[in-house]
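Colleague: Would you mind keeping the following structure in view while I ask a few things?
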Amino acid sequence: MKKIFAANWKLFKSPKETREFFGQFKELAGKATGEVVFFPSAISLEAASESLKGTSIKFGAQNCYFQAQGAFTGENSAQVVKDLGGSYVLIGHSERRAIFGEGDALVADKVAFVQGLGLTPMLCIGETLQERESAKTFRVLETQLNLGLAKADKTKPVVVAYEPVWAIGTGKVATPEQVAETHTDVFNILKALGFETAPILYGGSVKPDNAAGLIKQPHVNGFLVGGASLEAKSFSEIASV
């Protein structure tokens with residue numbers, strides 16, 4: 001299975017900064033050992049599209065609505081992402097769930113809509129620290145996958161990104177043993193649902209100094225990287241493991 005190295009820039013980088021970043025990154029991208037995907041903020045999607053023309057580097061949106069257009073103030077259109085040449089949409093990130101109240105039913109609608117446009121949804125799942133310490137990790141991930149993929153087409157691509165919420169932007173990293181155990185659980189859940197070919201990415205304070213050890217764990221098919229993807233050299237090192 002091919003590796004995928006995805007960068008979630010969240011609400012960072014202006015269009016100007018986006019162009020400057022790709023001017024640097026394209027010189028380093030040849031070292032990547034898998035597919036590279038960037039999720040810039042909505043305001044920088046067009047800059048990413050222009051910068052990445054003629055390259056094999058993919059890009060997508062951090063969120064979308066489950067309709068192409070309409071009276072949905074503040075939402076993003078996956079159709080526009082497609083028109084710009086994008087390939088992916090990030091769906092169900094823990095910040096969308098926690099800050100904006102997105103539930104599994106809405107996530108499922110978005111996954112199905114994105115697939116219907118011929119784009120690839122990258123479905124984010126993960127447990128909180130309280131859920132892990134209460135031994136509820138498996139149940140939480142099983143529920144998120146069951147409900148989030150409820151309307152998904154098994155014949156079309158989908159990528160799953162496991163991000164323990166307690167390790168996002170905190171500097172805390174799941175141990176290789178925790179990653180191995182949880183990714184094996186996620187694979188088994190996906191297999192039972194008929195999505196055994198879906199790549200499973202790990203996210204949660206991934207950095208150049210821990211990426212090589214994490215990528216060796218079973219069913220880790222790449223990374224979804226936050227802060228460490230904002231610097232070209234740092235992310236290129238991660239994408240080359």
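Cβ from N, Cα, C; glycine included.
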Colleague: From Ser205, Ser236, Ser240, grab the residue that Swiss-Prot records in the same substrate site as Asn8, Trp9, Lys10, Gly169, Gly226, Gly227.
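Modeller: For substrate, Swiss-Prot names Asn8, Trp9, Lys10, Gly169, Gly226, Gly227; of Ser205, Ser236, Ser240, the listed one is Ser205.
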Colleague: I need the CA-to-CA distance for Trp9 (substrate binding site) versus Glu163 (active site, proton acceptor), whole Å please.
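Modeller: Glu163 (active site, proton acceptor) has its Cα 15 Å from the Cα of Trp9 (substrate binding site).
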Colleague: Going by DSSP, give the three-state secondary structure for Asn8 (substrate binding site).
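Modeller: Assignment for Asn8 (substrate binding site) reads strand.
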Colleague: Would you mind listing, in sequence order, the residues at least six apart from His93 (active site, electrophile) in the same chain with a Cβ closer than 8 Å to its Cβ?
Modeller: Asn8, Gln62, Asn63, Cys124, Glu163
